[in-house]
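Student: Structure below; questions to follow.
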Amino acid sequence: MAKFVFITGGVVSSIGKGIVAASLGRLLKSRGYNVSILKLDPYLNVDPGTMSPFQHGEVFVTEDGAETDLDLGHYERFTDTAMSRLNSVTTGSIYQSVINKERRGDYNGGTVQVIPHITGEIRERIHRVASNSNADVVITEIGGTVGDIESLPFLEAIREFREDVGRNDLAYIHVTLLPFIGTSGELKTKPTQHSVKELRSIGIQPDVLICRSDRDISDDLKRKIGGFCGVPTRAVIPSLDADSIYAVPLILEQEGLCREVLDVLNLTDHDSDMAAWEQLVNKLRNPGPSVKIALVGKYVQLNDAYLSVVEALQHACIAQDASLDLHWVCAEQIEADGADTLLRGMDAVVVPGGFGNRGVDGKIAAIRCAREQRVPFLGLCLGMQTAVIEWARNQAGLTGATSAELDENTPHPVIHLLPEQQDVVDLGGTMRLGVYPCRIAPGTLAQRLYGDEVVYERHRHRYEFNNSYRNLFLESGYVVSGTSPDGRLVELIELKGHPFFTACQYHPEFLSRPGQPHPLFRGLIEAAQQRLPDSPAEALRQQGDIAIP
């Protein structure tokens, strides 16, 4: 039978509950426990698929095609365990399910209420993850902050959960902030006390407190916090600001988090194997020469909009002993100032996914610059589509070529709507989503990087390369290096005679891991290193990846 851990947050939002959940998952897995992690989000959207990246950040896509919160990316990267649509729950999806049941008559004419029906649905979702994942421990992160109206049904549900499984089979962790007041020179505990008081008023007594701080927390202060909050001093866990999120599991391990959680759950504290993770963090902290990577996007004002792309670049840099010098380049700014100006001195260019017209011309200009100046280039999803448009206009002689998404009346729709999308009306959850196979062409850059004939990648798109133009592209020098197994859909393209120019319709960033970077990203960083004096790139490639158990 599974054990359950619930993680709440107080004082401020964005306090790092997702990283705590992912880190605890890593620590439990290092002790031999199977782990699954789910996120309860208090917003009324059914999923984040139609939300603006400026409001929500990246949409992370699971293997089974769920559009989810970016925290699921952290869960997968830290635990190297695939999550599913069951691991992402929103208030909107809960209410949708309950209302559908009411319409079907499942409640036999009863009055449908927040308690017990909404809270019961939430509890059922948590139990479903446990039964489907065969996890020894299910970790649940509750989004939002204690005290928010939106979070109340979730907090009530996890309080009720205690009656479902018994007090010895679950643990409550509360993540809070200790602000430092410069004028008094003190860390203040009162916000934490009030946050725990609010949590206790709901009926939840935390077993462990994780205290975020930018400086050391004294033993006296830990005793004070524990005394006021009803938590043993040893269970007051400091979590100081770290230089990397990948250092957080090591910090929490040193502070005894996993030991305390296992004690509450009555589980054995097996020996931990974090040696490979320590090696990874050590490489991250002691990199080789830096590579300048330009990320050309539409949403660069919010870094979280491209979180998995940035992490994938970091993973590749760790493997290649490189320091990531990331330059955020606004695609619209390129339209104003020119690609040659804004991309001068870059060792590689990445154009990630996106939607809509805004910034597209800037992306096309960046791709042309990378192609003509032989700068390593990687395009992802819309990045591949804009690479196709750039080639069509500037090399294949197709004046006015573009995507049907951007201009329905274009004379040359080199990118067009997938046939199965023709009659789709709803926006949410209707794209080509999840894992699909891709057959790699022999003798290509892609084959060298992947080393496999068939690979499986995650998708999120409605538009695809228009096969009416495939022969023209092939004749003009384009290489189709990856297709669907039936050869119908173009999934991966590259250019001959260029140091590194490839683009894919899928999202490889979702499969990159700290100890196992995605081949396309590692290839990009290797190519970027080739532009450095005395490049060590090829020798480093032969070292292989860090095997994290």
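Note that Cβ sites are derived from N, Cα and C of the backbone, with glycine treated the same way.
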Student: Of the residues Arg448, Arg458, Arg462, only one is listed by Swiss-Prot in the L-glutamine site with Gly354, Leu382, Gly383, Met384, Gln385, Glu405. Which is it?
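Tutor: Same L-glutamine site in Swiss-Prot: Arg462.
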Student: Which candidate from Lys39, Lys222, Lys224 does Swiss-Prot annotate alongside Ser13, Lys188, Thr189, Lys190, Pro191, Thr192, Gln193 at the UTP binding site?
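Tutor: Among Lys39, Lys222, Lys224, only Lys224 appears alongside Ser13, Lys188, Thr189, Lys190, Pro191, Thr192, Gln193 as UTP-binding in Swiss-Prot.
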Student: With Ser14, Ile15, Gly16, Lys17, Gly18, Ile19 listed by Swiss-Prot as ATP-binding, which of these, Asp64, Asp69, Asp71, Asp80, is given for the same site?
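Tutor: Only hit among Asp64, Asp69, Asp71, Asp80 in Swiss-Prot's ATP site, alongside Ser14, Ile15, Gly16, Lys17, Gly18, Ile19: Asp71.
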Student: Fill in the CA-CA distance, Glu509 (active site) to Thr189 (UTP binding site), as an integer in Å.
Tutor: 40
Student: As a test of reading the model: what is the averaged pLDDT for the region 'Amidoligase domain' (1-267)?
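Tutor: Across the residues of the region 'Amidoligase domain' (1-267) the model's pLDDT averages 95 on the 0 to 100 scale.
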Student: Quick one: Cα separation, Thr192 (UTP binding site) versus Ile15 (ATP binding site), in Å?
Tutor: 13
Student: Quick one: pull the CA-CA distance for Lys190 (UTP binding site) versus Ile15 (ATP binding site), whole Å only.
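Tutor: Rounded to the nearest whole number, the Cα-Cα distance is 17 Å.
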Student: Inside 10 Å of the Cβ of Glu141 (Mg(2+) binding site), count up the other Cβ atoms and send me the figure.
Tutor: 28
